[in-house]
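These notes are about the structure you will find just below.
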């Protein structure tokens with residue numbers, strides 16, 4: 001009770017000061033157009049100083065160290081800051097540099113590298129940055145490929161990265177691992193525990209990829225992960241902080257809206273608006289009610305147990321500052337304004353917002369007192385100013401600008417504030433300073449920027465699907481401030497249903513597996529036992545195929561017939577063991593002879609198949625055949641010969657084996673104990689089919705309630721919230 005009484009006093013004092021209006025305690029400055037533009041140019045210079053310093057001292061490393069004036073790799077060794085800052089160049093109008101950097105990225109960037117990266121960070125910074133740059137490239141004069149925005153090198157590069165992350169989603173729950181190797185997939189021994197935000201922050205980027213490329217894979221795995229989190233919420237509707245993606249067990253059960261959870265809630269709203277998924281908006285509204293019930297305390301938000309809602313941490317986190325901006329997207333401006341005044345009061349207390357602020361003591365946490373140039377507070381200020389035009393928000397923005405210029409600037413960039421209490425610096429400038437903080441500040445002081453277009457004008461472009469209107473506003477920022485134009489997602493096509501690769505794979509198995517050589521021989525037998533009449537031959541061959549297909553389901557049988565993937569009658573009349581067509585030889589050898597030739601070639605290294613000569617020689621050098629195995633004669637085959645059982649080796653005793661294992665380092669022990677040897681390589685299409693087939697998480701009951709998208713959104717999203725603007729006829733009928 002003592003804690004909340006202090007919180008009430010803070011809130012009451014703040015509103016008392018605000019109620020004085022233009023009295024001696026607080027004077028709200030009036031900003032002319034010239035004043036705002038002057039601040040905009042100061043932000044432009046801030047960005048340019050930090051950007052030039054990165055290029056001069058840090059490139060091609062991920063991040064700049066502004067005190068050492070050098071660079072360091074942090075998240076993946078892929079020139080992170082350069083990609084993260086790319087769309088900011090377009091927004092501030094530096095088109096020449098944007099085009100130059102795009103050329104550099106396309107020429108030098110190769111993500112086929114043997115490095116472990118954060119799935120979450122790579123998605124929001126790299127994929128988000130590439131997608132945004134791709135969609136903004138038409139404004140900069142960059143030469144576009146035919147079919148843009150549904151085609152283009154930046155889009156292909158973004159898809160390449162996303163494809164490398166997909167293996168992380170190949171889990172029992174559909175929720176992704178936190179780390180991936182860009183070349184080989186999930187690293188051996190990787191922990192299956194990740195944070196909630198690391199599970200639920202993909203639908204914006206992956207949904208954009210699917211809508212632009214037509215491949216449903218990305219959107220569906222991201223959507224499935226969101227449904228998994230919703231399914232694993234507590235009985236009272238709260239989500240914890242960390243979860244085991246293999247079991248669905250919560251390993252950290254503190255519930256809040258800050259670090260580790262934040263962008264999950266953010267992406268429910270933004271995914272609903274961007275992709276027209278009303279069920280996501282419904283999920284957010286359900287969560288919002290529970291958050292207000294258990295976590296909201298006098299326009300502050302605390303942490304509580306996810307099972308019962310008991311308060312555990314009465315703190316404010318700097319990362320929570322996104323919340324007022326998120327509320328503005330659904331039209332709750334009044335509530336958002338009350339909250340942001342509280343958050344700004346912490347900024348005024350220190351000149352920055354510490355990572356953690358203790359609401360009970362009214363002081364920065366002694367262990368989390370830094371400010372790493374975070375953007376969340378200025379993000380919410382920018383959103384709210386676009387809607388309200390309240391000059392106090394401009395004043396808040398100028399406070400932030402002054403603090404950063406005074407205490408964070410260095411000759412080589414801008415530095416993290418190590419301690420907000422004495423403004424000591426730390427030798428790091430994270431990439432989001434150029435991607436988010438400077439971008440939101442610039443947009444706050446540039447009210448006429450194209451990003452703010454409320455739908456009064458647009459641009460007509462030609463696409464493979466006909467004419468399309470773009471640039472009409474309503475941009476959705478991902479959590480790294482990379483803007484996505486929703487209209488461009490509808491210039492291409494809805495995500496396709498994809499192919500049923502399982503059926504194709506089943507056919508290949510029939511043709512390729514050693515145990516199915518009998519299948520090929522049965523076809524041959526059927527041909528040899530019929531009359532020479534061609535029509536009779538066709539009938540008997542089809543009967544043989546039907547006998548085999550009787551073991552397959554009717555649906556699969558029909559599919560095989562329709563696609564004609566198994567053929568006993570081809571242009572030459574013969575097929576290879578792998579199902580490809582074989583030219584008819586002069587002496588008209590039978591299918592059985594073809595099979596024999598291939599097996600003879602395999603065992604005897606004969607020269608029957610010229611394309612395998614060199615490979616056979618190499619194999620012979622490494623694995624010389626025994627005398628007893630040479631010159632094997634292959635007679636008529638009816639079934640594949642099973643390999644002889646080898647004599648079992650006598651293994652050491654279990655006790656000795658365990659003792660030997662304990663002598664190894666723990667990392668190696670975990671590696672050897674893991675099931676990495678048994679885990680098959682991730683096949684994305686199989687994973688997609690499994691998700692569809694299992695339907696582990698039922699659809700939300702509000703999946704077709706499109707009226708949920710017609711929220712009282714602010715003016716800069718007004719175009720999206722108008723019925724019929726995005727909703728197609730089918731959706732409107734529903």
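Placed from the backbone N, Cα and C atoms, the Cβ positions cover glycine too.
TrEMBL does not curate its annotations; it predicts them automatically.
Straight from TrEMBL, the features:
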{"type": "ACT_SITE", "residues": "121", "note": "active site, proton donor"}
{"type": "ACT_SITE", "residues": "262", "note": "active site"}
{"type": "ACT_SITE", "residues": "355", "note": "active site, proton donor"}
{"type": "ACT_SITE", "residues": "376", "note": "active site"}
{"type": "BINDING", "residues": "479", "note": "Ca(2+) binding site"}
{"type": "SIGNAL", "residues": "1-27", "note": "signal peptide"}
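Of all the recorded positions in the record (262, 355, 376, 479), the one with the smallest CA separation from residue 121 (active site, proton donor) is 479. Around the Cβ of residue 121 (active site, proton donor), a 10 Å sphere holds 19 further Cβ atoms from the protein chains shown. When the alpha carbons of residue 262 (active site) and residue 479 (Ca(2+) binding site) are compared, the span between them is 10 angstrom. Fewest Cβ neighbours within 10 Å among the recorded positions 262, 355, 376, 479: that distinction goes to 355.
Residue 376 (active site) sits 9 Å from the residue listed as 'Ca(2+) binding site', taking the C-alpha atoms as the reference points. The distance from the Cα of residue 355 (active site, proton donor) to the Cα of residue 479 (Ca(2+) binding site) comes to 18 Å.
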